[in-house]
Structure formats: C-alpha cells, structure tokens
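Copied over from TrEMBL, here are the features:
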type	residues	note
BINDING	H140, H144, D354	Fe cation binding site
BINDING	L173, I174, S175, G176, G177, D216, G229, N326	substrate binding site
DOMAIN	31-73	domain 'Gcp-like'
DOMAIN	101-360	domain 'Gcp-like'
Amino acid sequence: MIILGIETSCDDTALALIETREVGGVFECRILSSLVHSQAELHSPYGGVFPTLAKREHEKNLPVLLEKLLEESMETQDSGSKTCPWLRTGIQEDNKNDKIPIDIIAVTEGPGLEPALWTGIVFAEMLSKKWKAPIIPINHMEGHIVGSLLRSDKSGGEWQRLKPLQMPALALLISGGHTELVKIEDRQDSLVTALPQFIYTIVGQTKDDAVGEAFDKVARLLNLPYPGGPHISRLATEARKKNISSSVKLPRPMISSQNFDFSFSGLKTAVLYAIRDAGKLSGDFKLGLAREFEDAVTDTLDTKLRKAIEETNALTVIVGGGVSANSYLRAQFEKTAAEYGISLYLPSKHISGDNALMIALVGAFHYQTRPRTIRAHGTKRLDNR
Ligand code: KG4
Ligand code: ZN
C-alpha cells in the first residue's frame, strides 16, 4: 500500500510517501520520500507563528513540494533499491489519465492552527478527487507518538519493522502546542493483527502554556530568535561547559501535585521577573538563566514522567514532539528509563519536529479500523469528528 502524508498544522509544510506491507503477520514500512519545508524564518520577526502567513505559505509550498516528492520517489526507484516498481509507470500515466498509484491520503485534521490545517485538508481533497484515493484524517499528536516508533527516517531505505511496544506504554508529548502524558494500551478487540492498534488516554496535560511555547516565550524575553528552544538549549549547554549558573532559582511548577498535569506559564513569568530585576542582560546572566530554565523544565517533566511510570506500571516510554530534540532532556529521559529498567523510544532528531512521515504512518494504522480513540482523562474526545 502506498500512503501520501500531508502535514500543515503549524509552520512546517510537509509531505511524505511511504509504502507498507505485511510480512508473516508483521507490519513493515519503507520511506519513499519525506520533505519538510520550514517557514520558521518568515515567522521569526513576529516571535511566533502568524496563522494567515502560515496559510499563504502552505498554499504556495504544497504543489511545489508534491512535485519534488514524486520526483524523489522515482529517484529512489532508479537508485536500484527496487522501490515500488509500478510507481514510475503510475506517475507517468498521471500525465495521460490522472491516475496515480497512491492508495490513501493521510492528512492532519488537528490539533493545530485552523487556517493552516485547512490548507492541507483542501489539498488532500483535491488530490483525492483527482486520484480517486480515500482520505484518512489524522490526529497530529498521534503522529508524534507513532513517529517515535520508526527505527530509521531515511528515504529510499530498507523495509523496517516498528520498535516493539511492551504494554502498558506511556507517551510524553512535548511540543509547541501541547504537553501531554498519554497512557497507551493494546486494542484487545482488534481484528487486524499485523497493524498495531492502540487505545490512548490522556492522563495529564498542561493547564496553560505548552513546554515548547515556554521555551519560545523565554527565548523572546532573552532576545533570541523564534523558534527559541534550540537557542535556549545552546546557551544552557554553553553555561554548563563554562560552569556558569544562575543566581536566580526558578520554580518547578506543579512538581508536587498528585496529578500528572503541568503548568509552564508561571515559570515563564518567573523568568520575566528575573530579567526585570536584573535590569541589564549580561552575557553570563543570559547563559545562567537559560541553564536554570532548562533545568527547571527537565526537573518538572522528569518528575511527572517518573510518577506516571510508577502509577501506570509502564514498560515502555515514548517521547515525541519538537521539544524532544532537546539533548539535555533526552539524556535525562534515558537515565530515568535505565533506572526503571524500561524501554525508551525517542524520535530521531530529524523527525522530532513536525513532519508528514508520522502522519502517513498513522494513516496505515487507521486504514482498516479507523479508531478515533484519543480521549482527555478518559472522557472528552479530542478530535471532533
Ligand atoms: O512539534 P513541533 O515541531 O510543533 C508543534 O506541533 O508545536 O514543536 C515545536 C516546538 C517549538 O516550541 C520549539 O521551540 C521546540 O519545539 N523545540 C525545542 C528544541 N527544538 C525545537 N525546544 C527545546 N529544545 C530544542 N532543542
Ligand atoms: Zn507537532
């Protein structure tokens, strides 16, 4: 089966083409091509994502990216790896009779910025009509979970099996829009054995700002460009190397609360007050504060994760979302998983941010059963279909 993934939930325009199969009852996939066009530079002057600008850019980028994606997929075939022998024929035929061998179009339906999401959905509808392929709407957060199960993100690569999940599993989703702890269980009633089928229950989430949003806002306070996460991380690493620490101790919000919820807006405000009280932003002050902020975020996420591992008896932890690119956090999560003797699945750094590979992969999962199972605290449905 060939699946086209479309992702336009925020400021990345992304398309991916994957092929899937079942071998001996086990799901396998390979990546034909995966492209991400980042708009970060365009949004940087606004200090965050400007939705109408994102929409306009997605509209402009999608057709260009699609052409490149299909070309790259054909090159994959030409490079001798015998990828989908009929893909080239299919694409050439497309010129004559508008037929293309794409079985499913998986598109992010949310959560995300509405004008940006619509661009991807409308594009998917247009292609669906043209190619007579069904559309599967995908939850972006499920994408971040499933994307972390890929062993390799290399295009034109080998067939791969997903990393095995020992249940129950937990996902810690840390992105620019979300901070969630999700419990994952097997769908016992699944009739489809080769495809993993999961039930997700959100057991904790942020009460206000997402962790990536806090990184971005703190970066802005420190006069660093958007997106701020990588810049804060760079300063914090430098501070540790130079042994510079902050004289200001930042709070670890909700660290002692009994639930698995998070709150990051107070942390951001504490940074604001620290900067206001300091008066002048010296180089060393910035380094120390970035380090203290990264420490505070790490302590907070790690403490909640530990609590959740203990409470749910999780045997696997998946971390996903843009903030999972953070090396300091990754190292801490690795330590924690080793201490508990459980598996930790992190996405490769290339696909920790938004991408369409993860969306195409979820499309494969849902093709036959289409469960719509993401729930907040076991009750509220997050997706509104
Ligand atoms: O998942 P993502 O690409 O987009 C959303 O779905 O929100 O996450 C983007 C977020 C941004 O807030 C960005 O600052 C943050 O991920 N981020 C990082 C790092 N790289 C990206 N945060 C901390 N450290 C990083 N190295
Ligand atoms: Zn995301």
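Glycine is treated like the rest: Cβ placed from N, Cα and C.
Across the domain 'Gcp-like' (31-73), DSSP classifies residues as 30 helix, 8 strand, 5 coil. Annotation note: G176 (substrate binding site) sits in a coil segment as assigned by DSSP. Closest to D354 (Fe cation binding site) by Cα-Cα distance, out of the binding-site residues S175, G177, G229, is S175. Separating the Cα atoms of G229 (substrate binding site) and H140 (Fe cation binding site) is a whole-number distance of 20 Å. Across the fold, the C-alpha of H144 (Fe cation binding site) and the C-alpha of G176 (substrate binding site) stand 12 Å from each other.
Same-chain residues at least 6 positions away in sequence with a Cβ under 8 Å from that of G176 (substrate binding site) are, in sequence order, C10, V49, A210, G212, E213, D216, P227, G321, G322, V323.
Among the binding-site residues I174, S175, G176, N326, D354, the residues whose Cβ sits under 6 Å from any atom of ligand 2 are S175, D354.
It is H140, among the binding-site residues H140, H144, whose Cβ has the fewest other Cβ atoms within 10 Å in the structure shown. In this structure, S175, G229 are the binding-site residues from L173, I174, S175, G229 whose C-beta falls under 6 Å of some atom of ligand 1. H140 (Fe cation binding site) and G177 (substrate binding site) are 11 Å apart (CA-CA, integer value). Rounded to a whole value, the Cα-Cα separation of L173 (substrate binding site) and H140 (Fe cation binding site) is 11 Å. Taking every pair among L173, I174, S175, G176, G177, D216, G229, N326, the residues recorded as binding substrate, the greatest CA to CA distance is 17 Å. There are 27 other CB atoms within 10 A of the CB of G229 (substrate binding site), with all protein chains counted.
Just so you know, of the binding-site residues L173, I174, the Cβ with the fewest other Cβ atoms around it within 10 Å is the one at L173.
Taking Cβ-Cβ distances under 8 Å and a sequence separation of 6 or more, the neighbours of S175 (substrate binding site) in its chain are H144, A210, V211, G212, G320, G321, G322, V323.
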